[in-house]
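Reading through the structure tokens given below for one structure.
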């Protein structure tokens, strides 16, 4: 009759049967041997992993196995990209020379930025003198509208606009005529003036019958 060999206990059982196996597997010695066996395997595997990592670090100069990260930085941040410590704040940007930022390269028509005080500074070629300085010219006056006194001639070949009533300029298209002086803001002529609307006759005027006379 074949015998059963227990790998944990390294012994042969008397005979191969379910009752004998069950009795052996529930024994105290067998359980202790099973625990020791798996603990020994776990320690051996852990030690082998530690040895392989140590040897790889020693062979590659403490390099790591991840090719996506930079060399000599096992899982860290590349130099120059470290984060500041908490509470340190963001470092300020370095100031530009002269206080003005340089022009962006590649911009069309980019000219160098003039130094501070170039505009209006005396002795600078091309500088604009400040108002009131010797040789400074003020802003050119606004030209008068066509038709106003002192206005230049209009477009050649185009007759000048006709003056309005009273010598006033011609009103714009769709606009009302300008009222004469003393008429206020009301554009209509006063009663009795030429071209005014006839006024209503007063009550009881000659030629007007009593109220209701036209109903007879």
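Here, residue 1 is simply the first one shown, and the rest follow in order.
Each residue, glycine too, has its Cβ placed from N, Cα and C.
Feature annotations, reproduced from Swiss-Prot:
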{"type": "ZN_FING", "residues": "4-36", "note": "zinc finger"}
{"type": "REGION", "residues": "70-89", "note": "region 'Disordered'"}
{"type": "REGION", "residues": "125-216", "note": "region 'Disordered'"}
{"type": "COMPBIAS", "residues": "140-149", "note": "compositional bias 'Pro residues'"}
{"type": "COMPBIAS", "residues": "157-204", "note": "compositional bias 'Pro residues'"}
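Remote same-chain partners of the zinc finger (4-36), defined as residues 6 or more beyond its termini with a Cβ less than 8 Å from a stretch Cβ, are none. Per-class residue totals from DSSP over the zinc finger (4-36), listed helix then strand then coil: 17 helix, 4 strand, 12 coil.
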